[in-house]
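One structure is given here, and the rest of the page talks about it.
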Amino acid sequence: MFQTKLRNETWEDLPKMSCTTEIQAAFILSSFVTFFSGLIILLIFRLIWRSVKKWQIIKGTGIILELFTSGTIARSHVRSLHFQGQFRDHIEMLLSAQTFVGQVLVILVFVLSIGSLIIYFINSADPVGSCSSYEDKTIPIDLVFNAFFSFYFGLRFMAADDKIKFWLEMNSIVDIFTIPPTFISYYLKSNWLGLRFLRALRLLELPQILQILRAIKTSNSVKFSKLLSIILSTWFTAAGFIHLVENSGDPWLKGRNSQNISYFESIYLVMATTSTVGFGDVVAKTSLGRTFIMFFTLGSLILFANYIPEMVELFANKRKYTSSYEALKGKKFIVVCGNITVDSVTAFLRNFLRDKSGEINTEIVFLGETPPSLELETIFKCYLAYTTFISGSAMKWEDLRRVAVESAEACLIIANPLCSDSHAEDISNIMRVLSIKNYDSTTRIIIQILQSHNKVYLPKIPSWNWDTGDNIICFAELKLGFIAQGCLVPGLCTFLTSLFVEQNKKVMPKQTWKKHFLNSMKNKILTQRLSDDFAGMSFPEVARLCFLKMHLLLIAIEYKSLFTDGFCGLILNPPPQVRIRKNTLGFFIAETPKDVRRALFYCSVCHDDVFIPELITNCGCKSRSRQHITVPSVKRMKKCLKGISSRISGQDSPPRVSASTSSISNFTTRTLQHDVEQDSDQLDSSGMFHWCKPTSLDKVTLKRTGKSKYKFRNHIVACVFGDAHSAPMGLRNFVMPLRASNYTRKELKDIVFIGSLDYLQREWRFLWNFPQIYILPGCALYSGDLHAANIEQCSMCAVLSPPPQPSSNQTLVDTEAIMATLTIGSLQIDSSSDPSPSVSEETPGYTNGHNEKSNCRKVPILTELKNPSNIHFIEQLGGLEGSLQETNLHLSTAFSTGTVFSGSFLDSLLATAFYNYHVLELLQMLVTGGVSSQLEQHLDKDKVYGVADSCTSLLSGRNRCKLGLLSLHETILSDVNPRNTFGQLFCGSLDLFGILCVGLYRIIDEEELNPENKRFVITRPANEFKLLPSDLVFCAIPFSTACYKRNEEFSLQKSYEIVNKASQTTETHSDTNCPPTIDSVTETLYSPVYSYQPRTNSLSFPKQIAWNQSRTNSIISSQIPLGDNAKENERKTSDEVYDEDPFAYSEPL
């Protein structure tokens, strides 16, 4: 009927005819009939197949099964199945675009789909109610396209495993509702738009096509193409439906409410609906259209809220963070990469820009692998004048070129100390270094490393150069080194930390001791080139002059030997034999860089009579340009020093005594040879650490037998947390400072590790060459294990924080350390019945909590915290009433007393290493027992554990200062008179013994608030600072100086608080790592054997004091008897007068 009606029309006169309802129904019903009939057929077939399978299972081998398994039929069936399988595999390869033909096929289908959609756009310009005649050239083209779609649909149908699931797929529905109407149009010789708008859903395959064409490669481009395809396909499809129903009207009203709306207007309406903004100029009038708009609005809320902001972010990030940094000539900048997070960036900027915000002209370029978060963006905006963020990776040369790393002053690599896998973090940062060095070998690198054993890879990079400023900041090495120094010298951990912590928060304490502590926190380690007028003078002379005239505390210098193979490096408190040369770098403890510039400006001519430090400025006189210092100037300087000494001491200067440096050096060598005669083969090849043969783990593992207690005394207990799966923390870095060779073998304290045997077994291969180390399997949370280690008589208990766990709460990372501190702190020890010398009533305990009014004391504890904000838990256990109410760790009472440590401040060392890497080298030397970057360059790792080759190398390695804590009354400091102020003590100890005093450890004066007699640290007191009789003094003590006086044996037993005291050990064993017996044994007290002979030189001033024979004999008699030869040599030395030989000093290593 439809065909007859169409044939009666004249095509030339009526190219666009009106489509009747019957024609439109024919187009739509063809699609619905195809869809539902096919679905019903598939369902019926599946039901029949399942029934047959079920019947075969019930009946077993039936007639049908016999037919398939019989002879020729069975073989033909197998061949057909094989052919079908191969055919199906080929089709799947084509459809998955794994082959070139398959890729062409997929791309062709997408292109033809877009072509069919374009034809729909062209035909949509005609009214929906009209039908196109076959004279329209687009109809045959669209018919060809749909014929190809039919072929592709058949291939997909045959390759589908689940036919029903395939039939209900979106692409299948698109084909079913667009292909059949095309063939109906061929039969009716007319075409109608119908549901052809569904072809727009093929746009969802746009990301796949672009990936096949390799047009997109990055994740951002893939994400953007996916979002774009979703939005476009949704808009075009929804606009097509609105265009259809609005132009056709509601079917039950027979189109009476229809409106003439173009496809463009439909898209406009859909976009306005998607943005949830309706302008009202174009609206839906039909019920179907309005119902669709209601549901589409809900879907638009999800679409617009989720996808549009992400697209805007992609566009914004692309413009903001993917550009290149323009390196301007004359503009300095650094590149920072690695762990770019809110915490790391905040810590770095705070330290890099501290106190210099108006002076810094160095820009910071952050190279981050992920776009910054909103919080991080806010930080960058706050420091907009200094920071730039570039999105990229240090592993890619293209990104390194974008940040112009070859023009940067340095490249700083930040590590994440709280990561769960520290080894992986180190390896990734080392790979960044390798990438940067391969890109530009001259770029200066400063890298943070978490585990010390990963440091060895960096110097092996061919372009790594220590001399140009390449540096390594090892968290494990420094952190555990600080804790080890706190175990050796109570309070030293806080003393050293305060020199590198910058406090910007102003606190106004009321108590006097708090004011002293906070004022001392202003002192920092600063460097300055020394004035050429100091050339030719000894270090004690320069240190004394700087202290008295400039109020500067000089503690170390950078020494460069005149010989090619001589020692070059930093020396702490060098002996008088070391002479200051021109352009020597000095290390000071001072408050501001302005103060230390006085050491550069000092002129022996202009400042000869100047006694006010502020008046020592750059004089600019001609004498400063002289190449050599003249004798009159030296004499003038000596005369000035005499006057200052008399002014300070209030006494006439002692008579001048000259002695031969060569003879003193020989005597020192003889004395040391006697001291190390028994263990000269027990140091490593560098002479820096005590060494022993590898010891098996079983031999040092302490067995628990009943209620036994090992008779350790004056030992160090280290509480370790971890299991077999925990990352190693590098306990070797904790042991090395405790086994430094500048302590004699008798001074070494036993180390007892309490922890999991599975964990400590993994660490043991790095510890088995160190003597006197023991392992007690157990847990520090169990008091029974603590008692077994005889913790009551230990000199210090270090509670080490456990290795970080994956996805751990930052507040809970210190749970074990806090609970262990609580357990150990609750131990009450009866001091009246304790035979240990650690209970001294004459000298109150520095951290042992002993009180004269109480018979109980507490175990000295040093706790490590990973999260500094957890300090308030430790403050509650401190035993001090009215402590500093601060959440800042470095303003807490626990920190001021030296009972807590956190490595969080190590982040600031990046800025320190960039501005002045010499300060970092000094810190490494102080906390690691003498290891510096210069030593690491020359030491072969395989030889570190070897035996020292000779006594000469041994002595040169050992002959370095050690940090100690001395009493004003029970040590040789009692010979300093007067000693009422710190300035008098400094000059006297330096003159008499070469001991450099750097700080105080004072008892908190409020006794009612300090029942345990805790002490606090005072860093670099003022020259006029009044001393108290109970003060302990932080000192840099020469190796050849013994510090203890013992007129009677009982006095030594009263000196427990004096650090560097001889270790109280059990009876001597042939094996140094043999654990002490459980039974009680007779204990022997040892005292160090050193020379008391004063060091003198030709440029003598009040420090040169003649020691009479009776005093020498008195001092010598207080020590363990020397060998006959050593005694005779000592007596000879004390009576002789020598001339100076400046080259007799054996340079320290």
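Glycine is no exception: its Cβ is also placed from the backbone N, Cα and C atoms.
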Thr138 vs Ala740, same side of the membrane according to Swiss-Prot: no
Candidate ranges 164-184, 479-499, 584-604, 773-793 [criterion: Swiss-Prot lists as transmembrane segment]: 164-184
Motif 'Selectivity for potassium' according to Swiss-Prot, located in which of 276-279, 628-631, 904-907: 276-279
Stretch carrying intramembrane segment according to Swiss-Prot (options 260-282, 375-397, 398-420): 260-282
Spatial neighbours of the topological domain 'Cytoplasmic' (160-163) far in sequence, C-beta under 8 Å, 6+ residues away: 42, 45-46
Cβ contacts under 8 Å made by the topological domain 'Extracellular' (283-291) with residues that lie 6+ beyond its boundaries: 242, 245-246, 249-250, 257-259, 269
Helix, strand and coil residues within the topological domain 'Cytoplasmic' (160-163) as assigned by DSSP: 1 helix, 0 strand, 3 coil
